[in-house]
Amino acid sequence: MNCLSAMFKYMLYLLNLVFVAGGILLIVVGSIMLSTMGNFTAFDGGVNTQTIPICIIVIGCVTFVVAFFGCCGTIRENACCTTIYAICMLILFGLQLALSIWIFAANDKFLSSMGKAVDKAWDENNAAQGYPMDALQLAFTCCGNTGYEQYETVPSSCCGYKDRNKVCEAAIYSQRPGCRQEFVDFWASNTDLIRWSSLIIALFELGIFIMSCCLASAMRKR
């Protein structure tokens with residue numbers, strides 16, 4: 001193997017280590033988002049608020065597995081494994097780029113749908129529906145759709161109490177913002193992080209694909 005091929009080999013190995021860490025990071029970020037949102041399926045109003053976090057976790061798992069085996073294939077200098085790895089990286093590049101473009105293009109529409117999800121929860125906030133606003137108020141330390149003033153009797157969840165029989169003190173709920181804006185702001189900050197990081201990762205994956213192809217070609221010529 002010549003000097004250039006050796007350089008590609010070790011650059012590829014180091015980049016794969018970065019992607020192993022990146023895959024773990026995506027899994028952690030997606031898990032934190034799911035944990036922060038809590039159980040929102042009861043009031044999603046036709047909008048699946050858990051789709052993006054789940055997609056992030058899946059992409060993180062795939063990235064971790066592909067990068068891990070890429071490290072093994074690169075060190076073993078196996079042309080077949082390196083070629084398969086390059087193809088996997090090309091597929092990952094396409095998926096990451098598609099996710100990034102979709103979030104850029106549909107961000108405003110998506111944030112609007114998240115606001116409507118809270119509106120739907122507010123409209124159906126009754127015993128028959130299981131008081132869906134409680135989950136949101138507990139998770140985001142907020143109160144009401146636009147504010148606590150909308151309630152005739154402020155529920156205990158506005159003070160962070162899970163027991164609906166507890167009395168919520170005015171000193172607590174009067175300081176809490178409306179849930180609609182809090183929920184939309186949560187998604188706005190996370191989608192900004194996701195779309196830019198996805199774009200940067202996609203560009204790295206394209207570079208790794210090119211280097212993998214060059215390395216596999218050099219391995220076959222030995």
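Glycine too: its Cβ is placed from the backbone N, Cα and C atoms.
These figures come from a predicted structure and were not determined experimentally.
Take the candidates Cys158, Cys159; TrEMBL pairs Cys143 in a disulfide bond with Cys158.
When TrEMBL is consulted, the disulfide partner of Cys142, picked from Cys159, Cys168, Cys179, turns out to be Cys179. Neighbours of Cys142 (disulfide bond), defined as other CB atoms within 10 A of its CB across all chains, total 25. Most Cβ pairs within less than 8 Å of the transmembrane segment (84-105), among stretches 12-38, 50-72, 193-218, belong to 193-218. Outside the transmembrane segment (50-72) by six or more residues, the chain places 12-13, 16-17, 19-20, 22-31, 33-34, 37, 40-41, 81, 85, 88-89, 92, 95-96, 99, 190-191, 194, 201, 208, 212 with a CB less than 8 A from a CB of the stretch. Between the CA atoms of Cys179 (disulfide bond) and Cys158 (disulfide bond) there is a gap of 10 Å.
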